[in-house]
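Record features (Swiss-Prot):
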- 2-99: zinc finger (ZN_FING)
- Cys4, His6, Cys76, Cys79: Zn(2+) 1 binding site (BINDING)
- Cys26, Cys29, Cys46, His53: Zn(2+) 2 binding site (BINDING)
- Cys38, Cys41, His57, His63: Zn(2+) 3 binding site (BINDING)
- 170-251: region 'Disordered' (REGION)
- 171-202: compositional bias 'Basic and acidic residues' (COMPBIAS)
- 239-251: compositional bias 'Basic and acidic residues' (COMPBIAS)
- 272-677: domain 'USP' (DOMAIN)
- Cys281: active site, nucleophile (ACT_SITE)
- His635: active site, proton acceptor (ACT_SITE)
- 685-711: region 'Disordered' (REGION)
Amino acid sequence: MDRCKHVEQLQLAQGHSILDPQKWYCMVCNTTESIWACLSCSHVACGKYIQEHALKHFQESSHPVAFEVNDMYAFCYLCNDYVLNDNAAGDLKSLRSTLSTIKSKKYPCVVPSDSVLHPVDAQDRVYSLLDGTQSLPGNEDPTCAALWHRRRVLMGKAFRTWFEQSAIGRKGQEPTQERMVAKREAKRRQQQELEQQMKAELESTPPRKSLRLQGSSEEAATIEIVPVRAPPPPPASPAKDKAALPTSEDRTFKKVSDSLIKRRPMVTPGVTGLRNLGNTCYMNSVLQVLSHLLIFRQCFLKLDLNQWLAVAASDKARSYKHSAVTEAAAQQMNEGQEKEKGFVCSRHSGLSSGLSGGASKGRNMELIQPREPSSPYSSLCHELHILFQVMWSGEWALVSPFAMLHSVWRLIPAFRGYAQQDAQEFLCELLDKIQRELETTGTKLPALIPTSQRRLIEQVLNVVNNIFHGQFLSQVTCLACDNKSDTIESFWDLSLEFPERYQCSGKDAASQPCLVTDMLDKFTETEALEGKIYMCDHCNSKRRKFSSKSVVFTEAQKQLMICHLPQVLRLHLKRFRWSGRNNREKIGVHVVFEETLNMEPYCCRETLNALRPECFLYNLSAVVIHHGKGFGSGHYTAYCYNSEGGFWVHCNDSKLSMCTMEEVRKAQAYILFYTQRVTENGHSKLLPPELLSNSQHPSKETDASSNEVLS
């Protein structure tokens with residue numbers, strides 16, 4: 001529509017939520033696919049192809065114009081058409097320019113300058129006014145809402161303390177103190193009455209009829225008890241009595257120790273949501289899956305590379321002796337641990353009922369990672385170590401993984417920005433970067449890293465290299481002489497294509513479910529090579545003895561069979577296919593998968609003879625789901641099996657919910673994770689004894705077990 005009168009009357013509000021990538025999700029269903037922002041208010045909702053929450057908002061509020069965040073086009077509900085014109089202020093043009101800058105901009109990590117962290121959005125101008133008169137540059141990305149909230153809370157505490165010391169404050173506190181005293185007295189009387197009632201009930205209860213108890217009571221009755229007067233205690237001097245009284249320091253220490261002893265996990269370990277920071281659902285789903293893989297999680301709970309990267313990058317450390325350097329590094333690790341693992345608490349709370357373990361809604365249950373990196377040395381291993389400790393501490397229901405996102409932006413530039421990304425590509429890139437980081441750290445200045453730490457790095461590297469590593473046998477058979485040529489190739493996942501009957505885009509194909517075993521059958525089936533393209537060594541070796549003619553090519557067939565099974569089997573279902581030159585469409589066929597997978601039919605003969613039948617069985621551990629109809633848009637969630645609670649969890653960014661295996665089977669799977677069931681000696685054959693001895697839960701010394709607000 002070239003001209004819409006409703007757009008000409010539009011007045012875009014300042015500080016609209018569309019300018020904040022963290023709010024690019026539907027306020028009703030939390031999806032990030034087909035997001036429409038109302039231009040008359042700050043409401044954000046999904047489009048008509050999802051659940052029509054944007055249309056329902058128009059029907060309730062009569063706000064006509066909405067703006068699509070990803071594709072950046074406007075739509076008028078009253079005109080029922082897309083809008084091409086703009087208002088007099090040029091708000092739509094400015095909005096498109098701003099969103100294009102947000103999506104295409106490279107986001108550097110901001111380093112504090114003069115103890116002030118520069119904010120960007122309109123909300124953080126309040127923080128700047130509160131902190132000082134410094135101007136706010138518009139080209140910085142991170143926000144400081146959490147820091148502003150902390151300063152406001154601290155300022156409120158300071159003013160409240162000052163007010164309580166004043167005459168007016170003390171006078172106002174008298175009625176409150178009287179009510180508290182009366183409340184404590186009533187509670188004490190109620191407790192006494194309850195104790196007296198229970199005592200009376202016990203006295204009126206008839207004796208038990210048990211023969212065993214009667215026999216023991218008769219035996220006890222024959223024992224004569226002679227009372228003996230205890231000698232009086234020696235008189236204590238006044239000085240000793242005074243010294244025996246607890247001091248204020250003793251009372252404080254006892255209070256802290258009692259609180260630590262009584263502390264219980266507030267949520268089930270591992271049931272921690274990850275906030276969507278702007279189209280980061282692909283990262284959140286992959287991180288949830290990796291944290292629920294027991295072997296992978298234990299490795300990174302044990303290993304932290306940050307302090308050793310700092311030592312290796314220091315020029316001054318090279319001049320020190322080996323013992324002095326290692327001692328300083330260890331001291332730096334212990335003293336700087338709390339500082340490096342800094343988080344900011346937020347007042348968000350909540351999980352679905354049944355997962356919080358009785359957590360109080362008033363308690364701070366969200367951790368917000370600092371906007372700047374936790375260390376000047378970017379390390380994905382370090383960020384995984386910190387994140388897994390928080391997620392499996394049982395203390396936090398929600399985490400905002402800013403530091404992890406900034407490390408991904410810095411070390412994997414292809415995922416920089418707020419554009420839609422593919423979870424499978426991100427998983428492959430993340431594992432590749434982690435592997436390279438472990439390899440380079442182990443070989444970088446080995447004299448500065450203790451032997452035990454180098455051994456631990458080697459063990460973790462071995463796990464990362466082998467947990468997903470498998471091998472398949474590529475066998476080519478010459479149809480002229482039946483000679484077979486075998487080649488061993490490695491794989492870290494199996495990309496499975498849909499059978500031919502599901503490749504068409506008709507409704508009949510989409511209505512018929514596909515079995516994951518059918519896709520494995522297609523992967524291992526015998527494939528005929530087109531034409532005479534195979535150069536058979538056997539045929540050419542016989543011909544060269546009797547003739548000098550050129551090389552002869554023959555027809556052949558090829559088959560792939562698995563010869564080495566991985567510890568964790570990743571099955572990537574190739575749902576996206578090219579349609580035309582530049583368009584990739586999704587195959588929306590439902591794939592049927594079971595909780596147990598038998599890989600015996602897909603292995604070669606040598607593997608079948610070498611392994612026991614139980615070694616071919618795999619249990620489903622996690623599933624990554626893609627919601628939506630296209631490659632460039634959609635939403636990722638994950639189903640993960642929580643071994644601590646013994647239940648399945650649906651991880652939808654910050655929203656986590658308990659689910660059944662039937663719900664998992666109904667999901668539209670994109671990546672399947674199966675863990676090998678049988679091991680040789682009762683535990684994982686890839687996990688070293690040093691890692692096995694480590695607890696699954698992080699240490700209570702981490703920041704995850706603290707409710708203190710950190711800057």
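Just so it is clear, glycine is given a Cβ too, placed from its N, Cα and C backbone atoms.
Here the candidates are the recorded positions Cys4, Cys29, His53, Cys76, His635, and by Cα distance the one nearest His63 (Zn(2+) 3 binding site) turns out to be Cys76. Geometry remark: Cys41 (Zn(2+) 3 binding site) versus Cys4 (Zn(2+) 1 binding site), CA distance 19 Å. Scoring each of the binding-site residues (Cys26, Cys46, Cys76) by how many neighbouring Cβ atoms lie within 10 Å, the top position goes to Cys46. There are 16 other Cβ atoms within 10 Å of the Cβ belonging to Cys79 (Zn(2+) 1 binding site). Mapped onto three states, the DSSP output places Cys4 (Zn(2+) 1 binding site) in coil. The Cβ centroid of Cys38, Cys41, His57, His63 marks the Zn(2+) 3 site; residues of that chain outside this set whose Cβ lies within 8 Å of it are Leu39, Ser40, His43, Phe58, Ser61, Ala66, given in sequence order.
Residue counts for the compositional bias 'Basic and acidic residues' (171-202) under DSSP (helix as H, G, I; strand as E, B; rest coil) come to 32 helix, 0 strand, 0 coil.
The Cβ of His63 (Zn(2+) 3 binding site) has 19 other Cβ atoms within 10 Å, all protein chains considered. The residue listed as 'active site, nucleophile' has Cys26 as its nearest neighbour among the binding-site residues Cys26, Cys38, Cys79, going by CA to CA distance. If you take the Cα of Cys46 (Zn(2+) 2 binding site) and the Cα of His6 (Zn(2+) 1 binding site), they are about 21 angstrom apart, rounded to a whole number. For the pair formed by His6 (Zn(2+) 1 binding site) and the residue listed as 'active site, proton acceptor', distance between Cα atoms is given as 31 Å, rounded to the nearest Å. Here the candidates are the binding-site residues Cys29, Cys38, His53, His57, and by Cα distance the one nearest Cys4 (Zn(2+) 1 binding site) turns out to be Cys38.
Within the same chain, the residues at least 6 positions away from Cys38 (Zn(2+) 3 binding site) whose Cβ sits under 8 Å from its Cβ are Val44, Ala45, Ala54, His57, Phe58, Ser61, His63, Val65, Ala66, listed in sequence order. A 10 Å cutoff on Cβ-Cβ distances gives Cys29 (Zn(2+) 2 binding site) a total of 15 other Cβ atoms nearby, all chains included.
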